[in-house]
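See structure below.
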Amino acid sequence: PETGRLALYLLGLRATCPPPESGPQRFLVTWLKYYLEEDWAGSRRHGHPLTSYYQYGLGVLALCVHRKRVREEVIRRLLAAEQHGRLGHAGGSAVDTEAVVALAFTCLEQERLVGTRLAAELRAATRRARRRMVQAQSQDGFFGNVYSTPWAVQVFIATKACRTQPAYGRAMAALLENLDTFTTAATMAQVLPVLHGHSYLDITSMRCWEELDTLTPVSPEPLPKVPGNMTVRLVVECPEPQCPQHQLYDQLVPVPAGTSLLDVLKAAAAQGPPNFTFETQETPQGPFLSRVLGLEAQQQQRSYWQLLTAPGTSLQMGVADYRPRDGETLILRLSRW
């Protein structure tokens, strides 16, 4: 199911002030409700949505922002996942997922789309999620990592807890120092509202007739070219027992200085034996590494290609954004989430 993609599209559509209850808009909302049900059908076999709780939470949030009622059973699926600590994934942070779910809960409560008893449960769940976010705040001020922090900050803004929570100020300072990290439309759309003190929930109360048509296209400036060449080491790892060999590829790859990780992969594929192959899929966040050496990252098996720099630091950028240093070792590791 295209739950997350359609949810983000509907959030963006609402923010552009479309004509009220236009035919295409109603059609897309109906499709999102269908995707939520299809998504959850996977839980009967896998114990979780076919996509993820992140996408499932986005779907509920988008319906709420459009002021559409959501079946109580759909809401309680998310509530149960929060109560039993199932929103995270193995070896990683759950901050972004918990923040999206908390925003959905807050929206349902504030828009009075649920009954009094359920609203109280959603408030309590949001408070728990907020406490966990504070506990997950690192010394550099981020909630989880730089990309999950805007989602978490939105929760503090939406619940009006930013003035009473010192962690909010530290997170905002960290974001302001790292704005050059947000290079795609999707990540900019997450950080831009919080820089102005808003959350996605504010879309529901926009006065569309007062909105000025000030959007103008901007052509991004090309990145400056760095003179010279560099060499990076590219390693591909796959866990046992799926891959008895474990390390499937280990080669030095010469590339022009300043190139991206995606350029490194292309150079490795072009330099010959041992043959290196890879595939990417386009997503709103940029190219997503989907297949390496014939091994595919599969949503239903909760597997993905993790990007790391040696000895084991997970990269916080995608393949098209990260720019390795000369002599750096880059690891592509088939992992589970």
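Each residue, glycine too, has its Cβ placed from N, Cα and C.
Bear in mind that TrEMBL entries carry predicted annotations, made automatically and left uncurated.
The cysteine that TrEMBL pairs with C107 in a disulfide, picked from C64, C162, is C64. Of all the binding-site residues listed here (T51, Q55, N145), it is N145 whose C-beta has the fewest other C-beta atoms within 10 angstroms. Comparing the recorded positions C64, C107, L307 on other C-beta atoms within 10 angstroms of each C-beta gives the minimum for L307. Cβ environment of Y53 (cyanocob(III)alamin binding site): L78, A81, R86, L87, T97, V101 lie under 8 Å away, each six or more residues apart in the same chain. Across the fold, the C-alpha of T51 (cyanocob(III)alamin binding site) and the C-alpha of C64 (disulfide bond) stand 20 Å from each other. In this structure the alpha carbons, written CA, of L307 (cyanocob(III)alamin binding site) and C64 (disulfide bond) are 34 Å apart. Here Q55 (cyanocob(III)alamin binding site) is positioned 14 angstrom away from C64 (disulfide bond), judged by their C-alpha atoms.
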